[in-house]
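S.K.: This is the structure I have questions about; it appears just below.
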Amino acid sequence: MSVDKKSELKIRAIENGTVIDHITANKSLHILKILGLPDSETKNVTVAMNVSSKEIGRKDIVKIENRELNHEELDQIALIAPKASVNIIRDYKPVKKDKIILPNTITGIIKCTNSKCITNYANEPIAPKFNVINNHPPVVRCHYCEKLIKTEDIEKQFE
């Protein structure tokens, strides 16, 4: 099977940093917002949106040069793109590749949508805490008021 060279899309390789692949199509801008990108310190950020994927049909890809993501950032990304994978790149080579995994408990990343939840009172310094009910698509339940928060409501918090 020959590949038509004119139809290939080339995205420059990064020397060091992170590649987030298999992001749900058209969700990469949410990922950039979660990560606070672009910023003045990050040299290059490359975004490919709605590209063809054999695995998931359509996907987004984000490449971040000279930055490796921490666990909290990966947990946030898991809420938006639960099937994404993360590649750590050093000297142009992938040294670590992991699927993003939604933890069983999420603390402080999103807010409870129940206005009467104790976590939403200014005079109660309690961080929102959620138990993950479903991974694909993400659904969580508030630890305090037991409000179920569906994927759409989670995504709205990152818009």
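Note: Cβ is positioned from N, Cα and C throughout, glycine not excepted.
The Zn(2+) binding site annotation in Swiss-Prot covers Cys112, Cys117, Cys142, Cys145.
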S.K.: Would you mind checking how many other C-beta atoms are within 10 angstroms of the C-beta on Cys145 (Zn(2+) binding site)?
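M.R.: A count of 14.
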S.K.: Please classify the secondary structure at Cys142 (Zn(2+) binding site) using three-state DSSP.
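M.R.: In the DSSP reduction, Cys142 (Zn(2+) binding site) maps to strand.
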S.K.: Using an 8 Å cut-off from the Cβ centroid of Cys112, Cys117, Cys142, Cys145, can you name the remaining same-chain residues around the Zn(2+) site, in sequence order?
M.R.: Thr113, Asn114, Lys116, Ile118, Thr119, Asn120, Pro128, His143, Tyr144, Glu146, Lys147
S.K.: Within the chain of Cys142 (Zn(2+) binding site), which residues six or more apart in sequence place their C-beta under 8 angstroms from its C-beta?
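M.R.: Once residues fewer than 6 apart are set aside, Cys142 (Zn(2+) binding site) is near Cys112, Asn114, Cys117, Thr119, Pro128, Lys129, Phe130, Ile149.
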S.K.: Within a 10 Å radius around the Cβ, which one of these binding-site residues has the most neighbouring Cβ atoms: Cys112, Cys117?
M.R.: Cys112
